[in-house]
Amino acid sequence: MNEQRQVITNRVAFLEQKIPGYAAALGIAGLVVLWEIVCRMNIVPPLFLPAPSAILTAAWDMLVNGELIENLLASMYRIGAGYAIGAICGIAIGLILGFSRWADAILTPIVYSIYPIPKIALLPLIILWFGIGEMPKVAIIALGVFFPVVINTYSGVKTVDPILIKAAVTFGSNHLNVIRKVILPGALPMIFAGLKLAAGTSLLLLVSAEMIAAQQGIGSMVLHYGNLMITTKLMVGVLFLSLLGLIFNRTLQWLERKLIPWK
Amino acid sequence: MRIVIEDVGKTFLDSKKREVTALTNINFSIEEQEFVVLVGPSGCGKSTLLNIVGGLMSPSSGTVYFEGTQGKKPKLGIVFQEIALFPWRTVYENVIYGLEESGASKQEQQEKGKHYIDMVGLQGFEGAYPKQLSGGMRQRAGIARALAVEPDLLLMDEPFSALDAQTRTLMQEELLTIWDRTRLSTLYVTHNIQEAVYLADRVIVLSRHPGQIKEIIRIDLPKIGRDKEEYRSHFEQYADQIWQLIKHDAQEALKEG
């Protein structure tokens, strides 16, 4: 008989295909090159879409004359302070809401009724309260960060396996230690989901607030050059907002890996 | 120190707000160094009873108390069916949890941690997270965590029921060896009759509807090596005696689904 062989190969190899590291850069590089070509060929006037090379040159100039740094620092201060305040309050209150039945019953309805308000609508009121300095911008960001964090923390606490709380109590934990050693780490994955969600919100609120009421900051810079129709410099602002968001996300990802090594 | 369970009863309200008696008229005690096994069909309230003894549930009537404490606060160690290791703590950090909470010094934590990790055979896995371990190894860590507090009463709630049959047999043997070294008063819950006869000094058979003690059987076999050939017929007799007590209830439980 004719000896025929049919080798069996892995038919789901595509599921575990290895992608080289440069693939991610490839997409962005391709887009930028395409963009540059479109601009060089004068398909779109530079006023509507400045070329990447022009944006980079403008960015370099603004970096050298200090304009960019000044605005960037103002924005970073606002978002840093606002985010930190909102996140810390959000986690703390979320833990309390999740742990205490009384706090849950009384406060959760309040949280849920304020949550859907677009926070930027409160800016005029907050300016009235805090004046026109840095406070209202920090406050509006803190407010915008607070709600997604508090709600995620709260749900995180509710998903902690009760058997782990029982185990902790059995081995002698008091209430404080149950929160610190069981509920907080147990809720951490959900807390990080909230923190990531809030990162986007905080950037949005930063720019909106700066466009409405600020002399400095990336948001006001973008609006300023928009009004002057200097779109190259406008795009520099947009570019740095994108970078800011990217760095923000990466930092959170790094922190998540550091703090949740057991996952 | 002995543990007394006196007139314990437990009633629940079911979904239709009717009162259901889960446990009634439970009276027994666990002597020092005694290994007591609660066995019964599903729904007989054995886990409820263990939770009450462990202070994780309040009885509707009756009390559970330690006798002869000499002013010392009795310590409990529980091994859960669900294992309940903290996922964010390594094996070592899980094992020393109770020591940490009792305010033991770092040095004491290290010594006892190492001692009990060695005892359950987890040396080399101190730094691993529970997720990285097999079911059997997780439960070893769970046992080490309970032993590390050197409890006055060790409670075990079907600790091996989530394990495969082979691992379970090995773990039963290991548990006996460990128990022989520590001689802790133990209350062990299982629905496995062979396991009950293999481990127990006394077997408490529970019946259902309501959950109450049907019989208490003293196992008069040497504690170590009950699986030897010479004890086989005795072993089978005990197992059969218990099965006859449970059989009817187990059949009823099956019908209810």
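Quick reminder: no glycine exception, Cβ is built from N, Cα and C everywhere.
According to TrEMBL, the features are:
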| type | residues | note |
| --- | --- | --- |
| DOMAIN | A:72-252 | domain 'ABC transmembrane type-1' |
| TRANSMEM | A:19-38 | transmembrane segment |
| TRANSMEM | A:76-98 | transmembrane segment |
| TRANSMEM | A:110-132 | transmembrane segment |
| TRANSMEM | A:138-157 | transmembrane segment |
| TRANSMEM | A:182-208 | transmembrane segment |
| TRANSMEM | A:228-248 | transmembrane segment |
Examine the transmembrane segment (A:182-208) against the transmembrane segment (A:19-38) and state whether at least 3 Cβ pairs sit under 8 A, considering only residue pairs 6 or more apart. no
Taking the transmembrane segment (A:138-157) as the reference, which of A:76-98, A:110-132, A:228-248 gives the largest number of Cβ pairs under 8 angstroms? A:76-98
What residues in the same chain, six or more past the boundaries of the transmembrane segment (A:228-248), come closer than 8 Å to it by Cβ-Cβ distance? 46-50, 54-55, 58-59, 62, 68, 71-72, 75-76, 79, 199-200, 203, 207, 218-219, 221-222
